[in-house]
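What follows is one structure encoded as structure tokens, with my remarks underneath.
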Amino acid sequence: MNPAISVALLLSVLQVSRGQKVTSLTACLVNQNLRLDCRHENNTKDNSIQHEFSLTREKRKHVLSGTLGIPEHTYRSRVTLSNQPYIKVLTLANFTTKDEGDYFCELQVSGANPMSSNKSISVYRDKLVKCGGISLLVQNTSWMLLLLLSLSLLQALDFISL
């Protein structure tokens, strides 16, 4: 086997085993705000996952939020971040055509051999869809699991019939 292929295969296995692989990056509009959902694996036992949201516009990188790079001052007042175990949600307030470009979500596990994973999405205001109610609910699925378990319990106790 080619040594380069062996190294690439080993690195991809290590990246997945380290548990910080970005699985998807989606964008949508909530009122006039851009919402970026960066879903990722999380098999780490501590908070060693570092992240960065950035925008590349006109061949220039602008860091919006994160622990890897220094966020630009012009975005700090417009950005909010929700950080949960399997999803990081960045909201950019008052999204305009000046904010269009390629958005990136990068995750990195710190340590002796830092590994990183990223996804990108091209965002244009006239192509954005409105965020659906169901995707807002998916951010925190624990209440849905509780609801399903409660329905089963109520059905078992004959309080409701489905």
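Residue numbers in this text run from 1 along the chain shown.
Cβ from N, Cα, C; glycine included.
Candidates considered were C38, C131. The record in Swiss-Prot pairs C105 in a disulfide bond with C38.
When Q20, Q50 are compared with the annotations in Swiss-Prot, the one labelled pyrrolidone carboxylic acid turns out to be Q20. For the annotation N-linked glycosylation site, the record in Swiss-Prot points to N42 among the listed residues N42, N140.
When the Cα of C131 (disulfide bond) is compared against those of the recorded positions N42, C105, N118, the shortest separation belongs to C105. Cβ neighbours of N118 (N-linked glycosylation site) (same chain, under 8 Å, six or more residues apart in sequence): V22, F104, C105, E106, L107. Nearest to N42 (N-linked glycosylation site) in space, judged by Cα atoms and limited to the recorded positions Q20, C28, N94, is Q20. When the Cα of Q20 (pyrrolidone carboxylic acid) is compared against those of the recorded positions C28, C38, N94, the shortest separation belongs to C38.
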